[in-house]
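Student: Straight from TrEMBL, here's the annotation block:
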type: TRANSMEM; residues: 7-26; note: transmembrane segment
type: TRANSMEM; residues: 32-54; note: transmembrane segment
type: TRANSMEM; residues: 66-86; note: transmembrane segment
type: TRANSMEM; residues: 106-128; note: transmembrane segment
type: TRANSMEM; residues: 140-161; note: transmembrane segment
type: TRANSMEM; residues: 173-197; note: transmembrane segment
type: TRANSMEM; residues: 209-237; note: transmembrane segment
Amino acid sequence: MKLFTVPNLMTLGNLLCGCFGIVFVFQGELTYASYLIFIAGILDFLDGFVARLLKQHSAIGKELDSLADMATFGVLPAFIVAKLISDTMHKGSILSDFVSSSIVSQISFHSLSYIAFILALFSALRLAKFNVDTRQSDSFIGVPTPANAFVVASFPLILEFNANYEFIIHNNLFLIGYTLVMSFLLVSEIPLFALKFKNFSWVDNKIKYIFIILSVILLVVLQFLGIPLVIFLYIILSLINKSAPVPKGE
């Protein structure tokens, strides 16, 4: 039984990104934590691709992948949202009148911020469901955990590079609302297409090509602000896609 295969090492890299990302959250470096989520996303894609290429699929690899995804795409995003909620609350605190907001935010998490960890709970349910749900071989049922993680990762980057939208990201009604809605979507029965190509014909993959083209346009034009819109587009196109397969047993 081989543990240190190339795909498994990539998966461990994914997990390491999640661990380092949590450390960065506690240090108040949310942008670095966000970058690590995207790096982990690349590794998460490559480990499966390399496993198929090298024919190194294994039961251990599957379990390891879920554990890594839980840390990086479940726990880390919850910490980021919790930190954003906490920072927003501390900005209006009496203590912030005497101590810089950056220092205040590192002292503790505000009690309201713990709501964000609902994301971690539902991410765990989502990953467990995916592991035993045979309907999700060619498509997804519910929003995948990386999709949620990418949206959350965009929040600190939007604050860093699109300051005009701070009034949205530093709004706890938005952050808590996002947490509750996305938690529902993670475990929902909504069928979503997967970017898997059995062939490259336009007829069979029209919705996927449309999604890729529109996503590139959104990301080029809007940069980090386009990331949440890409995920929203993904959900909308899946819902209106009449040719999307309806999983058996629903």
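A Cβ is built for glycine as well, from the same backbone N, Cα and C atoms used for every other residue.
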Student: What same-chain residues lie close to the transmembrane segment (173-197): Cβ under 8 Å, and 6 or more beyond its ends?
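Tutor: Apart from its flanks, the transmembrane segment (173-197) reaches 81, 84-85, 88, 112, 115-116, 118-119, 121-123, 125-126, 129, 138-145, 148, 151, 205, 207-208, 211-212, 234-235, 237-239, 241, 244-247, 250.
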Student: Report the listed stretch (7-26, 66-86, 106-128, 140-161, 209-237) having the maximum count of Cβ pairs within less than 8 Å of the transmembrane segment (32-54).
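Tutor: Top-ranked stretch among 7-26, 66-86, 106-128, 140-161, 209-237: 7-26.
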Student: Near the transmembrane segment (66-86), which residues from the same chain, at least 6 beyond its ends, have a CB less than 8 A from one of its CBs?
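Tutor: That would be 11-12, 14-15, 17-19, 21-22, 25, 28, 30, 33-34, 36-37, 40, 44, 105, 108-110, 112-120, 123-124, 127-128, 130-131, 145-146, 148-149, 152-153, 155-156, 169-170, 172, 175-176, 178-179.
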Student: Can you tell me which of 7-26, 106-128, 209-237 gets the most C-beta pairs within less than 8 Å of the transmembrane segment (140-161)?
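Tutor: It is 209-237 that shares the most Cβ pairs under 8 Å with the transmembrane segment (140-161).
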